[in-house]
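I have placed the structure first, in the form of structure tokens, so that the comments after it can refer back to it.
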Amino acid sequence: MKDHKCEWVLDYINDQLTEEERIEFEQHLKECAECREEVNEIEGMMADVSSHIEEVDPPEGMKERVLHQVFAEETSETNTVTPSKKSFAPLSKVWTGALAAGLLLSIGANVLLGTQLQQLSSDNENLESTLSDIQVALSELEDEQNRNELATASPFERASLSPTEEFGGGGLATMTQRETGYELLVQVQEMEELEEDQVYQVWLIEGQNPVPAGAFVTDDQGNGAVTFEMNEEDDQSWDAIAVTKEPQPNNEQPEGDIVLQAEL
Amino acid sequence: MNKPTDVELYERIQSRDKEALELLYDRYEKLLYSFAYRFTKDTQMAEEVMQDVFLKLWRGKGAGTYVRERGKFSSWLLTITRNGSIDLLRKKKVKEVEWHNRDSLHEDLPGVEKEIEDKEERDALRKAIHTLPDSQQRMICLFYFQGMSQREIAEKCDIPLGTVKGRVRLALKKLRENLEKEGGIDDERS
């Protein structure tokens with residue numbers, strides 16, 4: 001009997017399957033000689049066709065740029081934490097570690113270096129030799145950060161705030177650069193009505209560490225907006241922005257559910 | 001010592017061997033870059049594609065997964081480079097071609113095909129595509145250059161889903177034959 005997956009050959013080659021389907025199909029390839037042959041044949045013919053493409057010289061320095069980015073990704077990939085769907089991940093040692101290491105704030109919550117630094121501060125004897133290594137690593141990371149910023153240099157960062165499940169509404173977060181620092185503007189609409197004392201609170205999130213960035217209430221149509229100024233020193237690499245519904249204003253840590261969020 | 005095979009390098013990359021990735025990079029830089037450039041016609045975009053391909057290789061997940069059953073490693077690498085190029089082009093808002101009420105490729109073509117037409121007039125690949133019957137040109141354009149799914153191709157061409165695979169295979173086979181003939185001429189000239 002022919003498997004329906006035999007119809008996935010073209011979509012497998014063109015990367016049109018979902019991740020689950022891809023895994024299923026690769027299992028299927030192990031068992032179905034016909035599909036194996038078809039994938040080999042079609043991909044082989046495409047490769048033959050491709051060999052007739054005119055060669056061009058790669059730009060200078062591409063190898064260094066590409067490999068550098070790839071290996072740099074490895075470090076940042078393991079450390080990037082996106083906020084969970086509805087509530088913040090438990091605030092663990094991780095973020096206190098990162099916070100303690102003030103140095104690290106400008107390069108993103110680098111968990112590995114953060115813990116390394118913590119150990120160092122309790123172990124002054126070995127401080128000097130290891131510290132210099134870390135400084136080298138840090139300056140490399142910072143260089144890279146600068147380069148990344150240059151590559152995407154733009155006075156604004158904009159992100160759409162999308163509602164988490166069961167909450168309605170939506171909005172836009174805009175980061176503008178000023179001479180004195182940065183300003184964050186959050187505008188929302190069609191938000192659920194607040195009860196007395198409740199506020200919508202904006203958080204900037206770095207790693208797992210939320211920092212309050214202004215609170216607002218909404219009008220009877222559910223519209224609201226707030227601006228938040230940051231100093232130059234606050235130029236952190238924020239990973240995400242979230243809006244929560246807080247039972248009272250001025251919370252230093254979120255208590256309520258996340259109603260809107262966006263990655264930065 | 002023998003040179004490591006592609007698959008050996010891929011396996012070493014899976015165990016985070018940076019040197020293996022570099023070796024593989026050196027081996028394929030020119031081929032993949034030329035290929036990405038052919039699709040994007042832009043040096044920066046082609047470099048972005050390279051970045052994407054080697055990142056996928058390094059992560060070894062999702063589209064970066066190579067399984068032996070798939071066939072030759074180099075063919076697979078070209079496939080992910082092609083898919084990466086098409087994805088990037090899509091992101092850059094290249095409009096898709098509507099095939100409705102259009103019966104020939106030689107008419108005014110918007111989008112990707114138009115690009116290919118304009119800039120690659122004397123390209124061997126373009127010439128070989130042109131010698132195919134229109135219906136086969138269309139298969140090559142939609143499947144190979146635009147990376148469409150089987151369902152999309154069936155809808156655009158108004159043919160049964162089950163016949164798409166056969167038609168794509170046939171078109172590719174004919175295209176390869178044409179290129180082999182062309183290639184012979186090219187060799188004499190150079």
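Cβ coordinates come from backbone N, Cα and C, glycine included.
TrEMBL has this to say about the protein:
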type: DOMAIN; residues: B:24-93; note: domain 'RNA polymerase sigma-70 region 2'
type: DOMAIN; residues: B:123-175; note: domain 'RNA polymerase sigma factor 70 region 4 type 2'
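Across the residues of the domain 'RNA polymerase sigma-70 region 2' (B:24-93), the predicted structure has a mean pLDDT of 93. Residues in the domain 'RNA polymerase sigma factor 70 region 4 type 2' (B:123-175) partition by DSSP class (helix H, G, I; strand E, B; coil) as 42 helix, 0 strand, 11 coil. Note on the domain 'RNA polymerase sigma-70 region 2' (B:24-93): DSSP counts are 59 helix, 0 strand, 11 coil.
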